[in-house]
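Asks: Grabbed the feature section from TrEMBL, which reads as follows:
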type: SITE; residues: Arg50; note: site 'Important for substrate specificity'
type: ACT_SITE; residues: Asp109; note: active site, proton acceptor
type: SITE; residues: Thr110; note: site 'Important for substrate specificity'
type: SITE; residues: Gln194; note: site 'Important for substrate specificity'
Amino acid sequence: MPGPKARDAQTIIENLIFLQPLREIKGSYSYHRGPSMSNSPIILASSSPRRRQLLLEAGYDFTIVPPRESAESGNPEGESAQRMVARLARQKAFDVAMRVGNGIVLGCDTVAECNGRILGKPSDMAHARGMLRLLQGTEHRVLSGLCLWEAGTGHHAVEVAITRLAMEPLSDERIEAYLGTGQWQGKAGAFGYQDEHDWLRILAGSESNVVGLPLELLAEILTGMNG
């Protein structure tokens, strides 16, 4: 359990993230940038195999320290998808940063959004079925909050990447066939772009964002911090 100082810091940061207005930057949303963190190792605050694979394929050196379950909770009434993924990414990064000595902690959270409804990871097949019935035949968005937090100093950056997609109309038979593959498990909105389905296409934005980690935004933030 975090000590009084850690709890006080958490309260201050939670207040700060809601008091500061969002400002749009190249399709993302930013709260705060810290100074250069170029000499610090990257620590991935996630147990997601897809985020791990994306970082490996992009050539990053990193270690993994998953956040505690408590860091992935909370759902304030009326919270937008943008604010939710930003908040959860920050909570995950903060949780790990309080437990490591140094490094840049990378926290990320991804959801799908359709007609104002926020879709996280389905809890079971019935939940996944409902998500796919909502998404089929529509345009929707995938949003990822990305937080880089320097352990020991509190310097951090939080931004949100947004990708627009379109899903073709799907019959119940096609949905059931897909559910039978199990590929819906552990994926926001019950689908994965990396599975190369011909009924899903990107209209605008980052492909890696849909998989779970916007690599373009990560590189942009790191470049800004190193500048």
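Even glycines carry a Cβ here, placed using N, Cα and C.
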Asks: Please report the Cα separation of Gln194 (site 'Important for substrate specificity') and Arg50 (site 'Important for substrate specificity') in Å, rounded to an integer.
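Replies: Cα to Cα, Gln194 (site 'Important for substrate specificity') and Arg50 (site 'Important for substrate specificity') are separated by 9 Å.
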Asks: State the Cα to Cα distance, in Å, between the residue listed as 'active site, proton acceptor' and Arg50 (site 'Important for substrate specificity'), rounded to an integer.
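Replies: With distance taken Cα to Cα, Arg50 (site 'Important for substrate specificity') is 12 Å from the residue listed as 'active site, proton acceptor'.
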Asks: Please list residues from the chain of Arg50 (site 'Important for substrate specificity') whose Cβ is under 8 angstroms from its Cβ, counting only those at least six apart in sequence.
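Replies: Residues satisfying the criterion: Gly192, Gln194, Val211, Gly212, Leu213.
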Asks: For the recorded positions listed here (Asp109, Thr110, Gln194), which one has the lowest count of neighbouring CB atoms within 10 Å of its own CB?
Replies: Gln194
